[in-house]
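J.: My questions will all concern the structure given below.
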Protein chains: 4
Amino acid sequence: MTGIRSCPLSKHMPPAHPFDFDAMADDADADKLKEECGIFGVIGLTDAANFVALGLHALQHRGQEAGGIVCHAPEQGFNSARRFGYVRDNFTKQSLMETLPGPLSIGHVRYSTAGSKGPTQIRDVQPFFGEFAMGGAAIAHNGNITNANALRRELIERGSIFQSSSDSECIIHLMARSLQRTIPERMEDALRRVEGAFSVVAMTRSKLIGVRDPLGVRPLVLGQVGDGWVLSSETCALDIIGAKFVREVAPGEMVVISEQGVESQFPFRPQKPRFCIFEHVYFSRPDSIIGGRSVYETRRQIGVELAREAPVDADIVCPVPDSGTPAAIGYSQESGIPYAMGIIRNQYMGRTFIEPTEQIRNMGVRLKLNVNRALIQGKRVILVDDSVVRGTTSRKIKEMILDAGAAEVHFRIASPPTAWPCFYGVDTPQREKLLAATMSEDEMRDHLQVDSLRFVSLDGLYRAVGEASGRKADCPQYCDACFSGEYPVAPSDMIEQGFEIKAAE
Amino acid sequence: MTGIRSCPLSKHMPPAHPFDFDAMADDADADKLKEECGIFGVIGLTDAANFVALGLHALQHRGQEAGGIVCHAPEQGFNSARRFGYVRDNFTKQSLMETLPGPLSIGHVRYSTAGSKGPTQIRDVQPFFGEFAMGGAAIAHNGNITNANALRRELIERGSIFQSSSDSECIIHLMARSLQRTIPERMEDALRRVEGAFSVVAMTRSKLIGVRDPLGVRPLVLGQVGDGWVLSSETCALDIIGAKFVREVAPGEMVVISEQGVESQFPFRPQKPRFCIFEHVYFSRPDSIIGGRSVYETRRQIGVELAREAPVDADIVCPVPDSGTPAAIGYSQESGIPYAMGIIRNQYMGRTFIEPTEQIRNMGVRLKLNVNRALIQGKRVILVDDSVVRGTTSRKIKEMILDAGAAEVHFRIASPPTAWPCFYGVDTPQREKLLAATMSEDEMRDHLQVDSLRFVSLDGLYRAVGEASGRKADCPQYCDACFSGEYPVAPSDMIEQGFEIKAAE
Amino acid sequence: MTGIRSCPLSKHMPPAHPFDFDAMADDADADKLKEECGIFGVIGLTDAANFVALGLHALQHRGQEAGGIVCHAPEQGFNSARRFGYVRDNFTKQSLMETLPGPLSIGHVRYSTAGSKGPTQIRDVQPFFGEFAMGGAAIAHNGNITNANALRRELIERGSIFQSSSDSECIIHLMARSLQRTIPERMEDALRRVEGAFSVVAMTRSKLIGVRDPLGVRPLVLGQVGDGWVLSSETCALDIIGAKFVREVAPGEMVVISEQGVESQFPFRPQKPRFCIFEHVYFSRPDSIIGGRSVYETRRQIGVELAREAPVDADIVCPVPDSGTPAAIGYSQESGIPYAMGIIRNQYMGRTFIEPTEQIRNMGVRLKLNVNRALIQGKRVILVDDSVVRGTTSRKIKEMILDAGAAEVHFRIASPPTAWPCFYGVDTPQREKLLAATMSEDEMRDHLQVDSLRFVSLDGLYRAVGEASGRKADCPQYCDACFSGEYPVAPSDMIEQGFEIKAAE
Amino acid sequence: MTGIRSCPLSKHMPPAHPFDFDAMADDADADKLKEECGIFGVIGLTDAANFVALGLHALQHRGQEAGGIVCHAPEQGFNSARRFGYVRDNFTKQSLMETLPGPLSIGHVRYSTAGSKGPTQIRDVQPFFGEFAMGGAAIAHNGNITNANALRRELIERGSIFQSSSDSECIIHLMARSLQRTIPERMEDALRRVEGAFSVVAMTRSKLIGVRDPLGVRPLVLGQVGDGWVLSSETCALDIIGAKFVREVAPGEMVVISEQGVESQFPFRPQKPRFCIFEHVYFSRPDSIIGGRSVYETRRQIGVELAREAPVDADIVCPVPDSGTPAAIGYSQESGIPYAMGIIRNQYMGRTFIEPTEQIRNMGVRLKLNVNRALIQGKRVILVDDSVVRGTTSRKIKEMILDAGAAEVHFRIASPPTAWPCFYGVDTPQREKLLAATMSEDEMRDHLQVDSLRFVSLDGLYRAVGEASGRKADCPQYCDACFSGEYPVAPSDMIEQGFEIKAAE
């Protein structure tokens with residue numbers, strides 16, 4: 001979910017704390033698309049919030065800015081905690097965890113804002129909670145509501161008071177105003193008014209609920225551990241608590257889990273699924289399993305496809321760490337060119353160092369990445385990266401490699417050119433900032449001043465995710481709008497603000 | 001305003017921060033009634049929030065738990081900050097104050113919870129803010145809404161989502177749902193649904209608004225400084241910013257202050273005023289002026305009345321510091337018995353020391369008050385205190401004085417027996433905890449084991465506040481429910497919960 | 001003890017933490033002499049550090065900047081904690097106090113720096129600790145070593161490494177280098193090299209030690225509680241833990257307290273005592289007892305002397321709170337002019353509010369003191385204060401009183417003119433900043449623009465402290481150097497730096 | 001350097017802050033030897049401390065517990081800051097860095113204590129500073145003084161007062177007591193009394209000094225950037241500030257760098273160098289260059305040697321991340337068995353999650369490492385790790401791999417069995433805790449319950465670091481005491497405490 005960018009309403013309440021957002025701008029990772037949330041829920045385990053904390057830690061790559069947990073215990077009722085920063089720095093303190101009792105809990109991690117959007121406030125941190133006549137409910141949302149501005153305007157006119165700048169808050173207000181009598185019914189009611197992509201984990205006093213939008217754009221899986229049930233964005237968060245993977249929640253499915261077990265419903269009009277293909281490319285963790293496939297293996301396979309589509313004569317294949325590593329291994333194995341760690345990542349980074357003075361900035365400080373100089377010297381180097389967004393990092397890396405004495409630099413990118421923004425829960429720059437939106441592959445190569453630059457083809461990518469015959473142009477198996485510009489749901493808020501989507505070809 | 005004590009709804013969101021509320025329990029002051037809020041607003045001064053911080057500092061005695069400020073600037077819109085702790089510790093940091101720009105600002109200080117109520121969360125800290133279709137508004141409320149439970153239930157049923165456990169939040173939701181078109185009109189609309197006592201300071205993008213309930217239970221004054229206007233709970237907060245006292249906002253009046261000046265309206269059905277007489281006795285600062293009278297002088301005069309009504313042969317008159325001081329001076333002057341500081345208050349207290357071990361506790365630690373032993377030894381001592389609530393502190397003080405070798409101890413209390421709880425914005429214990437609710441004056445004397453104990457009469461108190469002929473029994477000039485049990489507004493939430501108010505005599 | 005002001009050595013290690021010293025500058029109290037330390041020690045009580053924390057809290061008026069505690073337990077050895085800020089904010093946390101076990105503990109509170117001296121570092125916070133061949137020792141020092149610069153230079157030349165900028169650290173280094181075999185003997189050895197004023201509380205693994213310099217300039221008292229013994233700067237700190245006052249440690253005495261009880265020695269050449277008379281005037285708490293006399297009563301008696309020496313026709317006598325209060329009561333009682341609280345002190349001050357903008361500063365903000373306007377109006381007012389240092393506060397108070405409509409303002413000061421700096425552990429401005437160093441009483445009156453200004457005479461002050469025949473000019477009973485310029489110990493560091501002491505008359 | 005483990009002196013001052021050391025215990029990394037320090041110094045660059053901060057960040061792998069910086073500016077003199085935690089979290093704040101001005105600065109990062117030693121205090125954090133008669137000096141030490149206990153005892157007997165529990169503090173006290181006249185001469189004087197391993201970076205007001213012990217056990221390199229000179233533990237920290245690598249400081253060399261340039265001296269009796277071979281195996285960063293060789297390449301070569309010495313038939317070669325990665329690549333390339341990332345490291349770890357409940361602990365939580373389940377299933381897996389210390393982590397990893405369905409597990413270790421503790425600046429467990437101290441390779445294999453376990457031979461390791469003919473048994477080219485038990489310097493403190501070193505064979 002995203003903040004409302006160009007909402008015409010008056011400016012909302014500012015952050016209640018002196019958080020240094022500049023300190024969070026992360027140089028090398030700034031040039032990536034950012035998954036905007038991870039969600040996790042548990043029912044039926046003693047001290048469920050402890051498990052949620054572990055699950056969120058395993059999903060930290062999906063959101064580093066902040067995290068929140070809500071839980072319910074029969075005697076203590078609903079309790080919650082929201083914190084800026086990493087899960088490991090907040091939700092590991094016994095003094096805090098003791099305030100989160102009960103067998104039912106959900107949680108959320110949130111992306112790190114980058115660039116132009118206003119700072120997040122602690123009020124924006126999910127899960128959101130609402131007290132209804134029939135009791136309280138909390139929701140955690142991964143995705144983005146593409147008609148949030150219109151919904152917000154309508155709700156305010158009817159007298160709802162918004163507490164955050166988050167689009168996800170619309171859901172809880174829609175639920176509050178629903179005429180239905182149970183919370184799951186109100187949730188259906190609310191989600192039918194919502195456009196866009198959503199995977200939602202919610203809870204009442206006695207139920208854990210999971211929902212995926214009809215296209216199934218964002219992931220959501222079901223697991224089981226002991227007597228308890230788990231909902232999670234990815235399987236890697238099942239592993240951390242020793243839970244067994246049961247199945248994916250299906251696109252358009254709502255699961256309601258209580259003491260009586262798991263009930264499944266399909267409240268929305270059925271549609272052909274369009275899972276986000278970029279989850280395979282970058283967002284998900286390599287040790288997660290999506291659609292029965294290891295994400296690591298898919299990425300290695302992209303490298304294999306890339307070696308077939310775009311071979312080049314060279315001495316070593318180096319990944320841009322860490323996201324390019326599996327594809328580089330695949331490229332090396334397919335091409336027979338030795339794999340080598342030419343670039344070393346400083347494991348103590350995470351958030352960027354503030355460069356303290358102009359003097360230092362001009363010296364070309366390398367805070368996060370360093371070249372393995374003795375290895376690179378005189379070599380023809382193939383660099384494998386997962387994607388190119390603005391191209392700023394690619395350019396810096398190329399310079400580092402050349403400074404270290406490389407004879408040639410060849411970029412191989414494990415995804416097609418990213419030419420369109422995502423409106424379904426990913427933080428992308430405006431279209432004109434995307435390198436591929438304004439340049440051809442050759443222009444990009446010249447812009448980056450490298451010896452060669454090649455992207456995997458869209459068909460190659462589809463083959464790597466298991467679609468042997470590639471992309472079905474009339475009916476794509478995935479949401480690939482960031483590559484193709486074909487948006488499966490019209491982003492109505494953005495269109496209202498003047499965004500022009502690609503005409504159907 | 002108070003939290004909802006026995007609200008049948010499910011438990012609300014807990015505090016989002018590890019604040020140590022035990023550390024705030026203040027032993028010696030725990031046995032006082034507590035004013036529950038101070039409010040302050042400024043329009044027409046550069047960096048208005050700075051003035052609000054100063055005003056709230058001067059009103060800190062009305063609420064020590066937390067404070068909040070909202071402001072508005074044409075370009076930056078609404079901004080806010082809420083903090084636990086003293087104004088001087090929070091709203092003095094330049095880094096914070098710079099985030100609060102603009103010429104229009106309101107603020108609120110909140111009482112320190114004591115005893116059984118749940119902990120406050122930062123969400124409970126006022127001012128409350130709401131975004132309406134015609135723009136944002138913020139309100140700060142001093143008083144208590146006596147039908148808050150019923151209102152809250154109704155609003156939740158209609159789909160409002162409460163963010164705090166505060167009764168005051170009802171006002172902003174009522175405003176959000178009003179059919180009126182301007183914010184001042186919506187505020188009238190909302191306040192007409194509200195029962196109880198309220199002084200409110202509110203703001204829109206361009207207006208500062210002040211309202212007092214028709215009985216005028218809680219104070220509110222209007223001041224002027226340079227080109228700006230000020231609303232404040234007390235005049236002492238006008239002094240701190242060098243503002244001139246203009247007049248009190250009248251009971252039932254709404255003032256709307258904008259660039260065009262001050263407009264006055266009387267939107268409520270007129271009633272005979274019933275200002276809280278306890279503001280004279282204890283709540284207000286001695287350097288404030290109420291109804292044209294110095295609070296200090298009124299208190300000194302209570303001491304004079306007390307000396308006339310309850311003389312006793314003794315060697316020295318000692319105040320229980322600091323609230324008994326003016327009355328002790330009056331008692332000394334009227335009786336001719338020398339005034340002396342027999343009890344010294346540690347000025348570095350403020351919040352209680354945690355007594356670390358049983359051993360220390362048993363040694364009779366005197367953290368806040370110490371006896372001036374050399375002075376007390378062998379003397380017959382008159383102790384003047386402002387009130388007796390539970391009697392716990394009175395008992396400890398008596399023991400300290402006797403330990404120091406006093407020959408006799410005579411208590412003189414500068415208010416009538418406090419026998420009834422207040423429901424209009426004061427934190428009082430349950431009725432059965434009030435010493436005077438269950439004992440006669442003689443029984444209290446025996447209970448406290450002092451040589452004599454006398455309270456000023458209700459008529460004596462009325463004389464001291466300037467009503468030469470005392471209290472008009474059929475139509476009291478003040479709200480004195482805490483002494484008389486005659487409640488000017490029926491406390492409907494409490495009645496619903498089974499509280500029995502005194503039958504009319 | 002003080003930092004070395006003009007030490008020619010290179011600048012020492014800076015503060016290790018971002019403490020905001022500006023925030024500590026305290027406007028109204030800035031114009032007072034400042035006692036620089038309070039010391040406290042306990043032996044023979046379980047969890048002795050808890051008692052030390054309470055004792056230091058009661059001595060907080062002697063030093064507000066920082067506090068430290070060292071303790072020893074047979075199994076855990078020596079432990080310590082040092083903190084900036086008030087005792088009540090630091091040494092009340094159970095988590096901290098649990099790290100300070102054992103039956104033997106000493107502590108120290110330190111003054112708040114004001115003005116030109118560099119910031120304090122946590123390393124400057126006492127007690128100081130040293131590991132010697134025969135075991136560890138810790139010391140806490142109240143006073144000032146007037147040959148500290150020379151000692152420090154000598155010790156550094158011999159290879160000692162200083163960790164703080166404090167003069168008191170010399171004592172522990174002198175002890176480390178002593179040839180004596182026991183710690184008490186080494187302490188004697190060290191203190192014989194030290195010039196100036198000192199009261200010291202020290203501890204080894206099994207002994208609590210107290211020493212006063214031969215003149216007995218700074219106070220030190222012995223108390224008893226249960227099976228334990230206590231050393232304290234003042235008796236008020238005995239009261240807080242329920243300890244019985246036993247006696248004052250005599251000038252030049254060293255007491256060594258162990259399981260075997262209290263041993264007394266007099267290791268220094270005997271001299272006529274010269275206790276600091278300003279302890280009576282201002283430093284000590286009014287509920288302390290010095291030389292068998294209540295400090296409160298002495299101050300009241302100064303007011304009586306002042307009324308006799310400097311009567312004036314007026315309507316009310318007002319104290320400048322809080323330090324002028326006892327003398328104002330005395331003045332009122334002797335003169336028959338009514339006592340009134342014309343100036344009210346904001347009890348939520350403590351540290352100064354940062355005045356955020358020029359605009360506010362120019363408005364004459366009154367953060368700490370406010371006038372009781374309705375009381376002052378049209379009155380002839382006698383203001384009683386304890387002392388005049390720079391005169392800056394006196395001037396502001398006079399203006400406040402006149403603004404409020406006073407007809408006349410008469411200042412009466414409960415001490416003689418402060419014309420000389422103190423070098424024995426008090427923070428005084430440089431001589432030229434002392435109003436009385438450059439002006440006569442009449443000139444000061446004109447400078448302050450008041451109707452009259454009178455100081456109590458030196459003889460009057462001596463009478464009030466019990467010397468019925470006043471000051472013995474040839475052999476004064478007290479150290480009154482700040483009034484008389486007659487220094488009982490030559491301040492050798494200062495003389496080396498060019499300070500000229502008054503020639504003997 | 002290390003704390004004094006069994007020092008017979010009384011326990012020293014405890015930490016002055018509530019740092020949670022439990023939170024630092026790092027599960028997966030707990031089973032590694034720990035390099036104990038990184039040192040860095042800069043002269044001749046504006047705001048040198050900024051460069052030191054960057055350098056320390058690049059050396060963070062050598063010490064994660066705490067860091068300190070001292071600097072000197074002509075006008076501001078010496079300044080310093082010490083902090084617990086990562087460099088990136090402390091020395092990136094502008095407010096702090098502004099307090100560290102000047103063109104000359106040194107810094108130190110310190111290891112994370114693990115296990116039995118007492119907690120570190122902020123006083124233990126280097127650099128250490130001493131004020132001498134000729135001015136101040138600061139030192140930062142990497143290594144361990146093996147006669148520190150004896151030195152400390154002697155210095156205390158002479159009257160030195162130690163402020164820390166660090167062995168390195170001896171150096172500054174020896175300097176303070178030296179009879180020599182310049183600081184570099186005093187440093188020589190001091191270091192001649194010191195036994196053990198040391199690389200030292202020191203500074204005076206105008207000089208930057210670097211020294212390595214005669215054996216050159218710990219690394220130290222010299223770099224140049226612009227007009228400035230740099231000393232660093234490793235070359236990777238030169239890269240981060242864009243400095244050029246000039247040369248290694250030679251074993252037994254002292255370099256004194258001032259405005260006049262670099263002077264070199266050899267103050268110690270010459271010895272045959274014995275550089276720590278474990279720096280190649282694990283301590284140094286893979287992108288550093290030691291003795292002209294890439295550390296990454298050396299480690300890859302160890303993998304090649306291992307594949308030759310200990311081949312096995314298998315399906316995939318997986319590194320134990322991250323330290324086993326280069327050797328795994330080498331093993332794969334030499335053996336032809338595909339390289340694969342079978343274990344994924346959570347990049348948001350760093351410090352361990354506190355496992356909140358017994359329940360969770362028993363579920364086998366995998367906080368730092370997770371298996372790539374889909375990849376491992378049914379495979380014969382070769383796991384390559386850098387070393388085996390206690391064997392605890394190896395055992396857990398084996399279980400994870402088997403749980404995921406591996407058919408066989410073969411461990412290959414890129415160093416010989418670690419059978420002896422290090423006394424030269426590395427945190428090793430007591431000898432009996434080292435798995436290889438009590439078991440043969442076969443016993444270890446059975447203990448770990450793996451299909452095979454093989455270590456590279458000592459000769460193989462020597463070949464990988466470039467000694468083509470392997471280890472010279474009579475005169476080893478490196479310090480390999482941890483593998484061979486042949487200590488190049490007798491660890492006299494440890495021998496005094498009863499440690500038996502291996503008899504010469």
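Yeah, the Cβs are placed from backbone N, Cα and C, and that goes for glycine too.
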J.: Quick check on the annotation: TrEMBL has A:Cys422, A:Cys479, A:Cys482 binding [4Fe-4S] cluster, so which of A:Cys236, A:Cys276 does it put in that site too?
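T.: For the [4Fe-4S] cluster site that includes A:Cys422, A:Cys479, A:Cys482, TrEMBL also lists A:Cys276.
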J.: A:Ser323, A:Ser332, A:Ser440, A:Ser452: which one does TrEMBL list with A:Asp385, A:Asp386 for the Mg(2+) site?
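T.: Candidate listed by TrEMBL for the same site: A:Ser323.
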J.: Using Cβ atoms only, which residues of the same chain lie under 8 Å from A:Asp385 (Mg(2+) binding site) while being at least 6 residues apart in sequence?
T.: A:Pro319, A:Val320, A:Ser323, A:Gly324, A:Ser394, A:Ile397, A:Phe411, A:Arg412, A:Ile413, A:Ala414
J.: Which residues, in sequence order, are found in the same chain with Cβ within 8 Å of the centroid defined by the Cβ atoms of A:Ser323, A:Asp385, A:Asp386 at the Mg(2+) site, excluding those residues themselves?
T.: A:Lys32, A:Tyr282, A:Pro319, A:Val320, A:Gly324, A:Ala327, A:Val384, A:Ser387, A:Ile413, A:Ala414
J.: Cα-Cα, whole number of Å: A:Cys422 ([4Fe-4S] cluster binding site) versus A:Cys37 (active site, nucleophile)?
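T.: The separation of the Cα atoms works out to 14 Å.
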J.: Could you state the CA-to-CA distance between A:Cys479 ([4Fe-4S] cluster binding site) and A:Asp386 (Mg(2+) binding site) to the nearest Å?
T.: 18
J.: Three states by DSSP: which one describes A:Cys482 ([4Fe-4S] cluster binding site)?
T.: helix
J.: How many whole Å apart are the CA atoms of A:Asp386 (Mg(2+) binding site) and A:Cys37 (active site, nucleophile)?
T.: 20
J.: Around the [4Fe-4S] cluster site formed by A:Cys276, A:Cys422, A:Cys479, A:Cys482, list the extra residues of the same chain whose Cβ is within 8 Å of the site's Cβ centroid.
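T.: Apart from A:Cys276, A:Cys422, A:Cys479, A:Cys482, the close residues are A:Val217, A:Ile277, A:Phe278, A:Tyr424, A:Val426, A:Asp480, A:Ala481.
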J.: Report, in whole Å, the straight Cα-to-Cα distance of A:Cys37 (active site, nucleophile) from A:Cys482 ([4Fe-4S] cluster binding site).
T.: 18
J.: What does the structure give for the C-alpha distance between A:Cys37 (active site, nucleophile) and A:Cys276 ([4Fe-4S] cluster binding site)? Integer Å is fine.
T.: 14
J.: Give the mean pLDDT for the domain 'Glutamine amidotransferase type-2' (A:37-260) on the 0 to 100 scale.
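T.: Average per-residue pLDDT within the domain 'Glutamine amidotransferase type-2' (A:37-260): 92.
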J.: Show which residues of the chain containing A:Cys276 ([4Fe-4S] cluster binding site), separated from it by at least 6 in sequence, have their CB under 8 Å from its CB.
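T.: Sequence-distant Cβ neighbours: A:Ala197, A:Val217, A:Arg218, A:Pro219, A:Phe283, A:Tyr424, A:Val426, A:Tyr478, A:Cys479.
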J.: Within 10 angstroms of the C-beta of A:Cys422 ([4Fe-4S] cluster binding site), what count of other C-beta atoms is obtained when all protein chains are considered?
T.: 23
